[in-house]
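Trainee: Structure incoming, see below.
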Amino acid sequence: MRTATYFFIFLNLSLALFEEPAVYPLPFLATSVLEVLCLLVFLGRLTHFAKVTLHNVFWKDTKNICIMVAILLSLTDLAIYGVLRMYDVRSIRWSRIVRPIFLINFAESRQIRRAFRSIRNTLPEITYVFLLFMFSLLMFSLMALKLFGERNLQTAEGLPYFRNYLEIVFDLYVLVTTANSPDVMMPAFDFSSWYTLFFIAFVIINTYIFMSLFLAVVYNNYKKHLKVMPRGACY
């Protein structure tokens, strides 16, 4: 039953590749039949679990409630989407976002729940590092606005260069990943080669120091929570 449950969970998640808008589109009837089949299997699995579990225990378990709500929402969305298609009304399958609930909340997925709980416990402890990183990003963006905003520089496309604060924040955020390097600094470099020191300092502090620190904090705290959590805690 565990293998069958995982198979239908995988099939249900894979339907996103074939539903409109799709990578490999299939007729709506085919995808809807497969989805209904998956939901019936999930409902049958839940019914079987209810028969071998005490009534009070079953209804107090939030995992079972989540699965029932996800099945109900999926069937409701499927029915509404089918009716709208009959009247040529364009709509979106919003219930796709609830499909991972089936992967997490079945009893066979306790290890996945342990991982998610470790992530949840790790998030508050990395907030301080994230806030420091955002403070650094905002301060560098403010300095960039003061350095380049009044010099009427332009990008290679002829657009204003570093004159809007929010756009500067976004460009420097992308620079943390080095995806727009060195293009983002070329207008300033053409004006004066000394301005490269600003971008070098930004990359050293935010890419090499803060990203390494962020990764270390995430890894250490996740590992700590995963190690100390009892194996039966996420049953």
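Even glycines carry a Cβ here, placed using N, Cα and C.
Not my notes, these are from TrEMBL:
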type	residues	note
DOMAIN	6-224	domain 'Ion transport'
SIGNAL	1-16	signal peptide
TRANSMEM	26-44	transmembrane segment
TRANSMEM	65-84	transmembrane segment
TRANSMEM	126-145	transmembrane segment
TRANSMEM	165-182	transmembrane segment
TRANSMEM	194-219	transmembrane segment
Trainee: Count the CB pairs under 8 A between the transmembrane segment (126-145) and each of 26-44, 65-84, 194-219, then give me the winner.
Mentor: 194-219
Trainee: Between the transmembrane segment (165-182) and the stretches 26-44, 65-84, 194-219, work out which stretch tops the count of Cβ pairs under 8 Å.
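Mentor: Stretch with the highest Cβ contact count: 194-219.
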Trainee: Between 0 and 100, where does the mean pLDDT of the domain 'Ion transport' (6-224) sit?
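Mentor: Reported value for the domain 'Ion transport' (6-224) is a mean pLDDT of 88.
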